[in-house]
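Participant: In case it helps, TrEMBL gives these features for our protein:
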{"type": "TRANSMEM", "residues": "B:20-47", "note": "transmembrane segment"}
{"type": "DOMAIN", "residues": "B:89-295", "note": "domain 'ABC transmembrane type-1'"}
{"type": "TRANSMEM", "residues": "B:95-115", "note": "transmembrane segment"}
{"type": "TRANSMEM", "residues": "B:124-143", "note": "transmembrane segment"}
{"type": "TRANSMEM", "residues": "B:175-195", "note": "transmembrane segment"}
{"type": "TRANSMEM", "residues": "B:230-248", "note": "transmembrane segment"}
{"type": "TRANSMEM", "residues": "B:276-296", "note": "transmembrane segment"}
Amino acid sequence: MPEPSPVPDARIAVDCHGIVKQFGEGPRALRALDNVSVAIRENEFFTLLGPSGCGKTTLLRMIAGFEYPTEGTIRLHGEDIAGLPPFKRPINTVFQSYALFPHLTVWENVAFGLQMLGWAKGKIEARVAEMLKLVHMEELAQRRTDQISGGQAQRVALARALAPAPKVLLLDEPLSALDYKLRKEMQIELKRMQSETGITFIFVTHDQEEALTMSDRIAVMSKGRVLQVGTPWDIYDKPAERFVADFIGETNFLSAAMVGIEEGVARVRLPSGIEISASLAEGYRPAGEATVVVRPEHARMVTTGGQLSGVVENIVYFGTDTHIHVKLDQGSTFMVRQQNSRSKSCGASVGDRVGIDIAPDAAQVLRD
Amino acid sequence: MASAAEIARRDEQSKTRTRWLLSLPALFIVFIAAIGPLFVMLAYSFMAKGDYGDVKPGEFSLDGWFSVLFQRDIFDDTVTLADAHLSILWRSVRLSVITTLATLALGFPTAYFIATRPRSTREVWVFLITIPFWTNLLIRTFAMQQVIRNEGVLNTLLMWLGIINEPIPIMYTDWAILFGMVYVYLPLMVLPLYASMEKLDFRLVEAGYDLYAGRLAVLRRIILPLVKPGIVAGSILVFVPSLGAYVIPRVLGGGKNLMLANLIELQFGAGRNWPLGAALSISLMLLVMVAMLVYVRNATRSGGGHG
Ligand SMILES: Nc1ncnc2c1ncn2[C@@H]1O[C@H](COP(=O)(O)OP(=O)(O)O)[C@@H](O)[C@H]1O
Ligand SMILES: [Mg+2]
């Protein structure tokens, strides 16, 4: 299956190949990263998504040069950067804690990298002014960094990292300390800055919604491994593994039997005995049994017919939509998400017998 | 009727009054133990000296203060600078400054080393640093004597290694005093340095590296400004007792290499010139205060972050 992507033959900015990172020795050794390979394209907004402790920060720190891989190579624009210390890599980081220098003002923080690069005074002043304008912090240039709010500190950290115009910007959960509304605002700001500067962003988050809304492509990680790389659309609609499907959004898992595969499309028999077509996950290994996933919004509740049937167990109202939990005749629970409309209710009440109609192309067979 | 603001203000006032009352015993002790004796010294410095030590109370004289810097020839009454006092003063200041710089140079890497160990092993290192405090200063000074005397550990080792043929005479020189003071006061530098380095957020160091600062630039632009409080505290803790050191120059410097405290002791003892001793004591105190003022003023001014 050809992978749809916004920039099909873009050049690779950062190429991590077979990265293994082991902390400690012997029986207490911990494999933080286990054979990770990702290729991040130029000018891309690339996100590492995964639960806490899956190795996102570790991978980022190796790209920045603070840690060295136990195995594997990291290339920047085709060049192996293993021998380069962090201060010689044209890569900047927005740290999770911001790590602003407390003894310097906002202005001095943003100018720091430029001074270290030996820029001329006038050039530094112009650049810092430009950066402070980009993050809307011109007025607070002379403030000390302990006199600004969390959101402002975040902007300064961003301006400081962008000022030297790095080839790659690393962002380690930069928004996780902000409250909901500010986070939403900064998500849009970050997108704007990425497209304005054209810098490759490698963004780390454990928030799947954030990843889906911001990224060009996402790498979903779990326990030190990259499970799937793809566009938000790929990751959401065509999850390759149970973990990916479960971690991103809500989903229904059905145990089905594999009937046959024809031109990359599978026929599977659902627990109800009805056969449907389903797309195959990347790297699918043929097996007799198959796990099929269907997103709740890709199924419809019907009074008669449908590929599955059961009894309504629970109805949860969410304002924009309603979640209907149906206890299938075979025992598992299936959730349907229905848009609400003003004129009518969801059309069923608890205890009703209903059918479930799965939209064509909605089913996906997982690889594990 | 009293407004809420009025009530709050009155409440604040009565609280302040209570606090003053509560601190009276402490203030009393401070006065008796610290300020009182100082006044006694101040008074003595303005009295005439007694014939066999002591002072003649009630007899005002500036001789004590005069003798701090000047001497009067006993035959023709000509006034000259007191060279002996000035050279002792100069030795005290010089050795104290060098001691402070040397302990800083040795203590900084030591404190950095400890602060970058894992949390559990840090305590062990700090514990090791404090071990010298368990023994008396005099004993530590005699220990130093065993190291640096002609037949001591250092010379024996150097001769055994064939680096020197004759022992290097260190005892009873300024070097001996310097070795002794650096050895004795080093922990006083390491501990405050460590305390401020332990608080140092090493993510800031990484942020520095990330922004193209090499090792030296990170040290100069990030670590030094952030641990400056520790440097200031350590320098004061070392400089002040160095300037007033008594035991170390007495034991290691012998009779010739006096420092200020030895000179003062001499006036109260064999010199039988209590007013001069008192004036010298107060001069020493003023010297320390001026040095502190100048130092702290400079340290805070350049600490504004515009470095
Ligand atoms: N310096 C280190 N020493 C030992 N273990 C570490 C170190 N850094 C990270 N780890 C471990 O590696 C794993 C991945 O950590 P991290 O990359 O920080 O995860 P994430 O950023 O995805 O939350 C965790 O189990 C963590 O405890
Ligand atoms: Mg992390």
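Even glycines carry a Cβ here, placed using N, Cα and C.
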Participant: So if I exclude everything within five residues of the ends of the transmembrane segment (B:95-115), which remaining residues of that chain have a CB under 8 angstroms from its CBs? That is, six or more out.
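Facilitator: Distant Cβ neighbours of the transmembrane segment (B:95-115) are 122, 125-126, 129, 174, 177-178, 181-182, 185-186, 188-190, 193-194, 197-198, 200, 223, 230-231, 234-235, 238-239, 242-243, 245, 259.
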Participant: Using a Cβ distance cut-off of under 8 Å, indicate which of B:20-47, B:230-248, B:276-296 has the most pairs with the transmembrane segment (B:175-195).
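Facilitator: Stretch with the highest Cβ contact count: B:230-248.
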Participant: For the transmembrane segment (B:276-296), could you work out the same-chain residues 6 or more beyond its ends whose Cβ comes under 8 Å from its Cβ atoms?
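Facilitator: The answer is 38, 41-42, 44-45, 49, 63-65, 67-68, 93, 232, 235-236, 239-240, 243-244, 260-261, 263-268.
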Participant: Checking distant contacts: for the transmembrane segment (B:20-47), what same-chain residues at least six beyond its ends satisfy Cβ-Cβ under 8 A?
Facilitator: 55-62, 64-65, 274-275, 277-279, 281-282, 285
